[in-house]
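One structure is given below, encoded as structure tokens.
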């Protein structure tokens, strides 16, 4: 264990559950905290080969590992894990070295091989035998070959230019096709494992006649270099082999040896006649050096062949962009997070080797964050400045990873980091004070004003409630005058205001948020009571007591513009409602007195005369200018006298001469006129009746008339005939008059 990295070695095919080690002990971590710190084991492998016991920290095999399947032909097989712990965030690198065991036997590509040998070959002729492949490494791979006993052949090992060995079949005794046309040999490949494993393949040698020269390559090893992104058809190399034979025996055909892997045979093509090796597809390999065996075979009846090695170096081009992986992300983060707080852990990888695989990471400079390198290929995203959610509630952080290739390839990944709110803003009013104007005599519960405060915080931290600060108004508690809505700040009156008693007052409304701790602010509200015309003018002078008339004494011979008196009045209202004007509502002599409109001075309009009445009465009306206007009246009695009398006269009557046509006189005149009209009508009626009788000859003799009249005269008035009427109204007619009327009737 060193620098936060621990390396374990484990043999492949180790059974499930086998112990590997104790990671907590090896890294010095308290095993009891693994679960609480939310441990995670991260690997790029598709399978989880190891298991970590969170209670003990013990590592065990979760699934047996096949080294050959996992690492193929790599000499060193490594599995890399990262252990991530939170609270605080820590990262440890774990490397597992997979040790090879001898679990694979050597194998030959084919079940049998055929070799055609001309009979005229002299001893010492050599034939390449196929290589056996063993997926194991080191001593567990193929170590030696053996050949079944045969008097004509023996086996020798040869080394190529790169140091690799291969078996050759050597002719040690000349062949005689007529004695034996076919030789069956068994080639055995053995590895160096314990116990060793082996594999056999049949080698069938057919003895031919004729062609006795095999093609020979110009070079035993060909080397070439191509770019890994070379398109299909790109020429890699052209090989050339010569055959000294003539005709078909000297015609050479090129092909890849069976020992060349099938993957490489698909990636490359070799022209059978020209020997040109070209690219046949995408060079999807991770190895920088590819090895292929090219075989040259002539067209003889018994074709002869030789081989050469082709080494192709794949030159890397920058064709892979960096890959950004977010291993851990904390979002949201509080706005009061201190600089240096870890937000995220990133892994950045580039599959290209060398400089093309080196990566630099950066984020925009105008953000309060920065990237800090952690372990190899890891970066930590941390805060570098103060955060304010009210200004910016979240950040889109674009991480740009750029490799060092030419041209460089960049990859971007955007992280959304949300900023959570803390209660760091008090409520704010639009102004420190506000003036409210309300008319007096307002109804109970009248709305006065609505205060409003804003809070830049959110949620409960930004929910504002309102209340009145304790104070008194004119010796009474503020709560008896006003109330405020807790939710919206609406202010209501709890009583009617009277301008004449209270013209203005002020109070404070406090706004509090619901955060923890609570923050508050206050606004001062000035209330001004507006006057209404609710008070009539009060007359201060002249005054009357017990309903009597106020009396002013004026000299009998007073001059014109003499000041009789001055009416003085006051109005408790304000402004226009208290502007007073004076008017004469009634005067016993309108030509004698005048009243100043604004001052209320009562003066004579002319000089007094001896013929003027001694008593006068005027009625003065005092009006304000309200809407509607209110008024008051006062009656002033004026006595014309040079000295103040001991007893004032009674001013209940007006003191002026009675009018000629009073109501009583009018009634008497109408009654008299009616009676006179009735009497005249009656006389006319009697005259008409008498005239009618005289014309008809029905007149009485004189003696009878006198008798009749006499008798009538002697009757009481209650026994008079109906045609003898008594006239009422002014009085009764005399008996003499009645008598004469009776005579007239006879």
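Using the three backbone atoms N, Cα and C, a Cβ is placed for every residue, glycine included.
Look at TrEMBL and you will find 9-108, 109-217, 218-324, 325-429, 430-539, 564-651 tagged as domain 'Cadherin'. Taken from TrEMBL, the feature transmembrane segment applies to 666-689.
The largest share of C-beta pairs under 8 angstroms with the domain 'Cadherin' (325-429) comes from 9-108, of the ranges 9-108, 109-217, 564-651. When DSSP labels each residue, the domain 'Cadherin' (9-108) comes out as 13 helix, 37 strand, 50 coil, counted as helix, strand and coil in that order. DSSP labels the residues of the domain 'Cadherin' (325-429) in these numbers: 4 helix, 53 strand, 48 coil.
Across the domain 'Cadherin' (218-324), DSSP helix (H, G, I), strand (E, B) and coil residues number 10 helix, 48 strand, 49 coil.
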